[in-house]
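Presented below is the structure to which this report refers.
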Amino acid sequence: QQQQQQQQQQQAARQQPNRQPPPNRNQQNQQRQPPQQHQPPATPAMAPPTNGGGAASMPPPKDMRPKTEDVTATKGNDFEDYFLKRELLMGIFEAGFERPSPIQEESIPIALAGRDILARAKNGTGKTAAFVIPVLEKADSSKAAIQAMILVPTRELALQTSQVCKDLGKHLGFEVMTSTGGSSLKDDILRLYNTVHLLIGTPGRLLDLAQKGVANMSDCKMICMDEADKLLSPEFQPLIEQLIAFMPADRQILLFSATFPVKVKSFKDKLMKKPYEINLMEELTLKGVTQYYAFVEERQKVHCLNTLFAKLQINQSIIFCNSTNRVELLAKKITELGYSCFYIHAKMLQQHRNRVFHDFRNGACRNLVSSDLFTRGIDIPSVNVVINFDFPKSGETYLHRIGRSGRLGPPGPP
């Protein structure tokens with residue numbers, strides 16, 4: 001009987017599969033849980049997407065709306081008609097330019113002829129290329145000297161203008177330098193020991209470099225002033241007059257702006273030589289910009305803004321306030337409402353301002369709250385809505401603010 005029992009036990013053991021010891025309960029939990037992915041910290045730009053905010057991570061859609069007469073009512077000229085350098089034409093066409101806009105048609109041949117220019121045209125009609133193209137055509141890349149200066153009132157506009165010069169002149173071999181207050185003076189001085197052909201910046205910094213003898217202006221025969229009405233304000237005009245004194249007598253001065261107050265006349269009479277005047281301002285605002293106003297009390301403004309975000313089809317929007325404190329407070333409110341939002345103003349660190357400008361331009365965020373720092377010359381084509389949260393302090397400020405919408409023709413409500 002014992003032998004039979006042993007045989008039965010051996011037979012049962014052969015029939016049973018190998019059993020593993022029961023796993024630890026903690027090991028079971030670890031096996032069941034999928035691997036955790038790293039979640040970045042929430043920021044205002046990552047607020048939930050809505051009609052007004054849009055998906056913050058997605059770039060705004062390309063603007064396919066038709067262009068208006070502000071840029072299409074031309075004489076029918078082509079860029080080839082101006083006998084530009086082949087390399088410059090390549091850069092122009094690669095940048096997406098097809099035919100010159102009205103302000104470019106009027107100013108390019110006159111500037112190439114060497115005349116001083118006083119040009120008034122609406123914001124967003126191609127003024128930057130209207131003076132950059134003549135500068136690139138007349139400069140000589142084989143000559144190791146500063147040959148042209150472009151003055152602008154803000155650091156952001158200097159960076160944007162510099163990029164236009166680099167894009168249009170990418171096949172010409174020019175060295176373009178940007179110098180503004182807030183950047184390292186030491187780095188700028190070291191940079192000027194190397195070849196620089198085109199110098200772009202704010203008046204105070206460029207005058208400082210000229211007075212130190214670092215920026216040699218003896219071969220600089222062209223000076224272009226973008227947003228000239230701001231540059232000829234009491235804040236800047238004395239600096240510009242001192243800067244022009246470093247240039248040769250046979251210099252050429254180009255002034256471009258959407259508005260020209262009375263103070264421009266004194267500058268013109270004092271420093272310009274029979275300037276050719278261009279005025280394309282039959283109307284003050286772009287034809288593609290539709291304007292609305294809402295009469296609301298201060299406490300109702302945020303509610304009204306929330307309604308606009310819900311109702312409007314926004315690619316990107318800029319919302320203007322009159323003070324830096326209100327800029328930050330409003331940006332916080334907009335984020336709390338659930339819309340993606342950045343803010344920018346003059347009291348921010350330059351590095352932070354550059355980052356916000358770059359990210360907003362690349363579509364990282366749909367809405368930007370700004371002080372009047374952003375009213376002049378900034379070109380972000382996908383901005384189709386501009387909101388004046390605070391009433392602008394002057395008519396000129398209003399024109400420059402709403403000029404951020406409808407750039408180069410496509411319509412957009414402010």
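The count begins at 1 with the first shown residue.
Glycine is no exception: its Cβ is also placed from the backbone N, Cα and C atoms.
Here TrEMBL flags 1-18 (among others) as compositional bias 'Low complexity'.
Residues annotated as compositional bias 'Low complexity' in TrEMBL: 25-36 (among others).
According to TrEMBL, the compositional bias 'Pro residues' annotation covers 37-47.
What TrEMBL records for 62-72 is compositional bias 'Basic and acidic residues'.
Within its own chain, the domain 'DEAD-box RNA helicase Q' (77-105) has Cβ neighbours under 8 Å at 70-71, 112, 119, 121, 125-127, 129-130, 133, 136-137, 167-172, 278, 280, 408, counting only residues six or more beyond its boundaries. According to TrEMBL, the domain 'DEAD-box RNA helicase Q' annotation covers 77-105.
Marked as domain 'Helicase ATP-binding' by TrEMBL: 108-278. When pLDDT values are averaged over the domain 'Helicase ATP-binding' (108-278), the model yields 91.
For 288-414, the entry in TrEMBL reads domain 'Helicase C-terminal'.
Under the heading region 'Disordered', TrEMBL lists 1-74.
Among the features that TrEMBL reports, motif 'Q motif' is placed at 77-105.
Each residue of the domain 'DEAD-box RNA helicase Q' (77-105) gets a DSSP state, and the totals for helix, strand and coil are 17 helix, 0 strand, 12 coil.
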